[in-house]
Amino acid sequence: MDYRRKKKLTFFTIGLIFLLSGVEYAVILPTIWRYLQTLEAAPYFLGLALSAFSLTGLLTGPLFGYWSDKTRTTKKIILFANVFEMIGNFMYFMGYSKWLLLSSRLVAGIGTGAGSSIFGLLTRSTAPEDRATAFAAVMACRQAGLLIGPAFNIFLRLCDFQLGPFFVNKYTAPGLFMCLLWTLIQLAVIFMYWDLPPLEKEKAKDRLRGQSKDEEDEQGLVEEDNDEEKPLMGSQEIGGSYGSVVASNTAMSDPSATSNATLNHISPPLSPEPPETHESSSPSKTSSISREFLREEVVVLLAAQFITLFNQTALETMVTPMTQKYFGYGELENSVMYCLCGVEVIAGFLFVRWLSQRVTERVILAIGLTICNISGVWCLIFLANPLGGFPWQLTEFVIGVFLQVLGLPFVAVAQVSLFSKVTSEKTQGFSQGVRRSVGGLATILGPLWAGGLTDNMYIMMGVMMGLLALLTIMLAFSYDRMLAPAVEEQVDDSDNVG
């Protein structure tokens, strides 16, 4: 099978994985609140259950990313991670107690750590100018899952039967359903996923395949001329190995020159200096990695990841109790609401994908932050204490949710694409793991923050608005640095880190 077909099937499988992660979120989120109530859990348990899923993903993301950087493989990592998704969702289906449900989300969250390896693969196998488009497509797959998920809930809520010792109802059925879907994904990864080589290596192979014999001969003549003038320099700069080119070119003219050249080129490895250099490079490697994450532009992008996800998960946690309190919504109404939000988000990602080919990522990030600030102000004024009767309250709620969802694709695509460009490609798995861990920390703290302040909405939303204002100020001061470095700088940086 040729490389292009393998790449298409691999990207298709990646899309399925992200699609399924969105389906899982959309299937479980509308029902978990009522599920916990049937298990006599306290209200704060909602925040714990939602945060538990992110906690283990936060811890395993950098580990899986480091694993993929070292081995340059992701297939085994994905297969290993998906096992935890299957086990965790089956535990969710069992549902004997609130503690088992909490543990099920902890176990399933381990599987999300493989996302850092996948983003590292996408970075290495796509060109910088195509990266935002690729990331937007992958993120749109997750949002498509968020759109499809509520549709599954419509028939899952009709389940009411017994399967051996387990009861299958509208609360436990999502766990069994997701366990079966993750099992199917395992088969897709086994048969339709390949560890793609880095883009640079594949381009080099294509250049070698396309190079004609005449061009090679002509280049060989030029190298011979250069070698006659500079016999020692030419072999190291062009040949890239000790004495190989010079030996072949000078053997015909002067055998003694060949032996001298060979000795000159072989002597450097025998000197004691390289081992000392290798030993001293170990601390510099660590310091260069730490310096990479402390650069101004990297800090701003990590802050964008944290703040936007913190606000998003806090509002998502608040939405279900709020719709129940003010509008009397149940599982069906919440599922329809999430379905409509999914349509909006997919449209947003498709628009961002089109926009990313015409403007830079920092412009997209600025647009997204502007929309998020407008949403924050609206929610602080109208959702903290809804005014008027039912029609007015519903209108205020719909506008607030619409604005919040609208800004999400802009910020999400821009920050992940920029982050992949301002960090070293050699350690993309680990870097993406760090980025996702920062996001995981936000998705832990967001639900905990919102779950504990459902009766103090002004405090909850005021802090969220303050974080958005801080991020806007940071972006304004660092706007000039929000660009991909020059190719030469990027290569030097990757060599230092690697």
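The backbone N, Cα and C atoms fix where each Cβ goes, glycine too.
For reference, TrEMBL has these:
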DOMAIN    10-480  domain 'Major facilitator superfamily (MFS) profile'
TRANSMEM  42-65  transmembrane segment
TRANSMEM  77-96  transmembrane segment
TRANSMEM  102-122  transmembrane segment
TRANSMEM  134-155  transmembrane segment
TRANSMEM  175-194  transmembrane segment
REGION    204-234  region 'Disordered'
COMPBIAS  204-213  compositional bias 'Basic and acidic residues'
COMPBIAS  214-228  compositional bias 'Acidic residues'
REGION    251-289  region 'Disordered'
COMPBIAS  251-264  compositional bias 'Polar residues'
COMPBIAS  280-289  compositional bias 'Low complexity'
TRANSMEM  298-315  transmembrane segment
TRANSMEM  335-356  transmembrane segment
TRANSMEM  363-385  transmembrane segment
TRANSMEM  397-422  transmembrane segment
TRANSMEM  434-451  transmembrane segment
TRANSMEM  457-477  transmembrane segment
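In this chain, the transmembrane segment (42-65) lies in contact with the transmembrane segment (102-122); the count of Cβ pairs under 8 Å, excluding pairs fewer than 6 apart in sequence, is at least 3.
Looking only at the domain 'Major facilitator superfamily (MFS) profile' (10-480), the predicted model's pLDDT averages out at 77.
Using the rule of three or more Cβ pairs under 8 Å, pairs at least 6 apart in sequence, the transmembrane segment (457-477) is in contact with the transmembrane segment (363-385). Of the Cβ pairs linking the transmembrane segment (134-155) with the transmembrane segment (335-356) and spaced 6 or more residues apart, 3 or more are under 8 Å, so the two regions touch. Tallying C-beta pairs under 8 angstroms between the transmembrane segment (335-356) and each of 42-65, 77-96, 363-385, 434-451 places 363-385 first. Outside the transmembrane segment (363-385), and at least 6 residues removed from its termini, the chain residues within Cβ reach (under 8 Å) are 132, 304, 308, 311, 315, 322, 352, 355-356, 396-397, 399-400, 403-404, 406-415, 418, 457-458, 460-462, 464-465, 468-469, 471-472, 475, 479, 482.
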